[in-house]
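Here is the structure we will look at, set down as structure tokens.
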């Protein structure tokens, strides 16, 4: 609920909504919430008995279909997490088996060229138009108090949302720096990030508390950067991964600290990307079975899909 509420295109949410659109729930949507249409992507959504979850809405003439975002799915992202964990703990045979399982056709693949980068190839195709759709059209005013926060923002989660909300409350304009894949791999290990730079950038841009992002922000916050973006305050949360610095001269926030414009914010939620990964791994078998079934469904969708107009 925290995540969905934070999406800039969401006006309201209905908690505890049923998976299947029953006649009772459909009438509640139309009569109590004054909903005009029920929307879903152009990928199939089937109930356990094989029937269409949106059959009643279609019959009532109140269903609209929109284009699915290519190359992005929960199934693929869960597969990346399972693959990441298995890579670290299994032998080459199991590694190859899982790689095939979650990377056939449309998932991510692992670079086995010996470069040691662990690169995962995403099939999400970002375009300039897509970035514009997610961006805010308005920049900061001449007297705006600009707050800067940076990080990986991998597997964008409720912990990220809450720290961004707090950061935004400290000024008029929130600028978010998103580190490159290479920077994250260097600081958190070759199996990170799970999501690539473009995926992470759009996830952050979709958050209503964010005004602008720097795609591929530098690790160190420099004086030149502070001047260029007219940054008034640099903040960081108390809950973060790999942020133990022993020498001040190596600290990425050394410059804003020296300028007296750095503040550490108490993170409202004790959640990190590793927390999310651990949840998946703890239910490894259930997720693996789910993914086998879902991947087969998605593969069928990709093989038989036709063009759907609209973005």
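Each residue, glycine too, has its Cβ placed from N, Cα and C.
Among the ranges 46-69, 70-93, 94-117, the one that TrEMBL lists as region 'Disordered' is 94-117.
The helix, strand and coil residue counts that DSSP assigns across the domain 'Cytidyltransferase-like' (3-79) are 24 helix, 11 strand, 42 coil.
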